[in-house]
């Protein structure tokens, strides 16, 4: 619906794919499969970590939270996308759009911080093994986890509030498969100072600082690894870090690519968004958890124990 300039739209029209209508059932089936697989894998990881006492350790607590975030990531975007593809109704209310944005920002904030915490966990395990249980004991890890979620929820609240103060007057069409910041700000009449400040703090707090701290952690890790005299010890240390390096490379690589591509490249925008919001949540548990021998053996025991 067209509305005069300088007036806020009553709703948004999400236009994820410009293909013919006959292709929509196949696209819906593809995303439904991704969603089901992602939820099943991540739910299995959460279940086995909660049930197995031997996995009640700091690293697995953070991996469990990573799986929760991955379920949230896909649940925020895919069910609504499936509804749009199958019903043909692409209209999204203001409240639905900003609720989706809120939970998406929360999931992103938690995931980015968790990836750094997992890097720090590896740093303590390799560089300070004798003090591992003192530095990362159960109480500290629980407080870290609560803090991560609290800060991410607060950040999402401030971010969404700042976006609400901006009028969407250019267009009410979102060329994306969910309501994201880039698409919403592209349609605004004028970006407010409040939004710019919160956006800058958000990028610094959840983007630059965690990534920088991750690099520092790995610099120290590799420094210690290269000083090891035993080749077997070096290989074992590299093996414990490889999964995390793959996960952060995929996540930050696609996030940066999505942010840096020109604003008019709607197709690439959607492709990269699909990778880090739907594909990455499936890759994370496969790379990070299913490569872990303790998690694999616990999963096998859980499966065998079922009648």
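Just so it is clear, glycine is given a Cβ too, placed from its N, Cα and C backbone atoms.
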Field: From 179-202, 203-226, the residue range that TrEMBL assigns the feature transmembrane segment
entry: 203-226
Task: Averaged across the domain 'G-protein coupled receptors family 1 profile' (41-288), what pLDDT does the model get? Just tell me the whole number, please.
output: 83
- prompt: Which residues, given as numbers and ranges, are at least 6 beyond the ends of the transmembrane segment (58-78) yet have a Cβ under 8 Å from it?
  reply: 31-32, 34-35, 38-39, 42-43, 45-46, 49-50, 100, 103-104, 106-108, 110-111, 114-115, 117-118, 121, 125, 136-138, 141-142, 145, 148, 177-178, 277-278, 280-282, 284-285, 288-289, 294-295
- line: Lying 6 or more residues past either end of the transmembrane segment (98-120) yet within Cβ distance under 8 Å of it, the residues of that chain are 59, 62-63, 65-66, 69-70, 72-73, 76-77, 80, 92, 144, 148-149, 151-153, 155-157, 159-160, 163-164, 178-181, 184, 202, 206-207, 209-211, 213-214, 217-218, 244, 247-248, 251, 277
